[in-house]
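Note sheet for the following structure.
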Amino acid sequence: MFLQSQKLWTMLLILAIWSPISHSLHFDLHSGRTKCIAEDIKSNSMTVGKYNIDNPHEGQALPQTHKISVKVTSNSGNNYHHAEQVDSGQFAFSAVEAGDYMACFTAVDHKPEVSLSIDFEWKTGVQSKSWANVAKKSQVEVMEFEVKSLLDTVNSIHEEMYYLRDREEEMQDLNRSTNTKMAWLSVLSFFVCIGVAGMQFLHLKTFFEKKKVI
């Protein structure tokens, strides 16, 4: 059991190291429509996002039909970003609560309908810290930058392991609760079946007695 648990945590650690923690998306959005994108974020994690509408006529200003409203909310409904009638923007915040965060894009209503092409990049954790912007040319500063990046990566993996462990404990509690409820339901179903069978037996007995069969 211990070896299996150790192997499980090793696999989770490898996945945490290699799994992507940023999303770069390109999608189309029609006039008057809304598209939402979810991201599972740990509490106290930094997250940044930026978005823009592709310009179909490069070098010219975007028409008024090419505007969107953007809203980023937590699973409990708290608002972290809200922009109206924009063609580009960005957001950054530290997640207060763990869970799914939703970024919803709504295109302005227009007739005839137009299609907007939107680029959206969402980074969480280590990748949200733009270390490349603070890296310098000197060898010492480059080494310091690499060490800080590695420390951030290690801390992120450490936090991810604790987060996964907490999620695993929550799932185990849910499974135990579900099994208990299923056991009670099985017992209740058994007594219901016994009761129905008894009622049928009494009904048949009364019926046959009236018919003088027994």
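Here the Cβ of each residue, glycine as well, is placed from N, Cα and C on the backbone.
On a predicted model such as this, the values are computed, not experimentally measured, just so you know.
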Annotated range (Swiss-Prot: coiled coil) out of 38-51, 136-149, 164-177: 164-177
Residue pair N175 (N-linked glycosylation site), R167 (omega-N-methylated arginine) - Cα distance, angstrom, rounded: 12
Site of maximum Cβ density within 10 Å, from recorded positions R167, N175: R167
